[in-house]
Amino acid sequence: MLSRTIAANQLKNSLRASKQIRNLSIHEYRSAELLRQYGVGTPAGEAAFEPQQAYDIAKKLGHDALVVKAQALTGGRGKGHFDTGLKSGVHMIESAEQARDLAKQMLKHRLITKQSGAKGKPVSAVYVVERVNAKHEAYLSILMDRQSKKAMIICSSEGGMNIEEVAAKNPDAIKKFTVTESEGLTAETAKQISKSLGFSAEAEADAADAVTKLYKIFKEKDASQIEINPLSEVEGQDTKVMCMDAKFGFDDNASFRQEEVYSWRDLSQEDADEVVAKKSDLNFVKLQGNIGCLVNGAGLAMATMDVIKLYGGDPANFLDCGGGATPETIETAFKLILSNEKVDGIFVNIFGGIVRCDFVAQGLVSATKNLAVSVPIVARLQGTNLEEGRRIIEESGLKIYSFDELDPAAQKVVELTR
Ligand code: GDP
Ligand code: MN
């Protein structure tokens, strides 16, 4: 059972790190566009993809006080640093020349933050915005609460910093409000929220208005998460409340009706292998070990990882090829597994209920030939068209260790990769 817990935790962490599952993240400048569409206050600004464009935007904004913000899908950019040594992904600047110079230093480089992983994220654009004076910084997020199955609005009078930090140091500053589907966000709740942000009394009406519109975006755009940090009380603007930063996530299940939002997907921010996997309907997550696994069904994938661990091995990945696997998807799966040079052996564990053993065998054989696989392969096939699958493997003349039972198969692959 211990191994199960380890495998489960490892998988959970990887799924979280990969962020590929069921959720689309968009860049801050795209989120700002949505905010503007709904009439929510956010500083004026535009994204630049070339240094000169950053200069032009800065000139167009017509202010000296500006902020240049690296567009990479990660949080904590302000406190991050670049692979070049440059500090911070959020810079306060005073001229268009500085905007151009910073864009040159940020674009195409990688931004490393507490949340990005050691490799960091590539900077796809820089967002050049007017610098707005903030009197007070608060925090607001809207998400689906799994327990109550309702939307939840979380707010705090202490914004601009990591919400986990606030939760640890000053939990009383955090307030939670649930919103029922039938009622929606009532004027009364919006008012209560606006009062818990720590703003001055004059800003409360604008805050309630902003929260109401944010909830409207959440509903209409099938968002899974909206996080505004900071939500600031500002001076010298048409509105007294502005979103200075916005992180939006969207539910993949609704992608079919959110064309605009999904057209904003930035593949450069995602793990290349995971993008390939998703295209073939493979559920692929990299892990730390050296045994590549090809399995069908998430449950069997977990069990396979456990059994490998039980015999002292360490899985290199989690790969669920699902029920619809064809010889082509199996070959893609092999490519993905082998793109990791740590892999010393491959364990194929297929229970052919919907997926057919002969398809798996065909994919296995053609992948082994086409990709000149040099590491040992252990295959345990069971189920539909098993005999046909076995025959294909035997006739191929390839050295594939075939097993009927899981335990001896796992033992074999661990032995071969030790
Ligand atoms: P994050 O570090 O990825 O969360 O990036 P943010 O967009 O939140 O920027 C970091 C910090 O810079 C914010 O918490 C604000 O305090 C500050 N900041 C960003 N934009 C502005 C702005 O237009 N005006 C002012 N006064 N502060 C800003
Ligand atoms: Mn922020």
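Even glycines carry a Cβ here, placed using N, Cα and C.
TrEMBL annotations:
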type	residues	note
BINDING	Lys69, Gly76, Arg77, Gly78, Glu137	ATP binding site
BINDING	Asn229, Asp245	Mg(2+) binding site
BINDING	Asn296, Gly353, Ile354, Val355	substrate binding site
DOMAIN	32-261	domain 'ATP-grasp'
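Shown here: features listed in TrEMBL, placed on the structure.
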residue : record                 : Cβ neighbours (10 Å)
Lys69   : ATP binding site       : 27
Gly76   : ATP binding site       : 16
Arg77   : ATP binding site       : 22
Gly78   : ATP binding site       : 16
Glu137  : ATP binding site       : 20
Asn229  : Mg(2+) binding site    : 23
Asp245  : Mg(2+) binding site    : 23
Asn296  : substrate binding site : 25
Gly353  : substrate binding site : 13
Val355  : substrate binding site : 22
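When pLDDT is averaged over the domain 'ATP-grasp' (32-261), the result is 96. DSSP gives Glu137 (ATP binding site) a strand state. Contact annotation for binding-site residues (Gly78, Asn296, Ile354, Val355) versus ligand 2: none, no CB falling under 6 Å from a ligand atom. Glu137 (ATP binding site) and Ile354 (substrate binding site) are 54 Å apart (CA-CA, integer value). Of the recorded residues, Asp245 (Mg(2+) binding site) and Lys69 (ATP binding site) place their C-alpha atoms 10 Å from one another. In this structure, none of the binding-site residues Asn296, Gly353, Ile354, Val355 sits close to ligand 1 with a C-beta under 6 angstroms from any of its atoms. Secondary structure from DSSP puts Gly78 (ATP binding site) in coil.
The separation of Glu137 (ATP binding site) from Asn229 (Mg(2+) binding site), Cα to Cα, is 8 Å.
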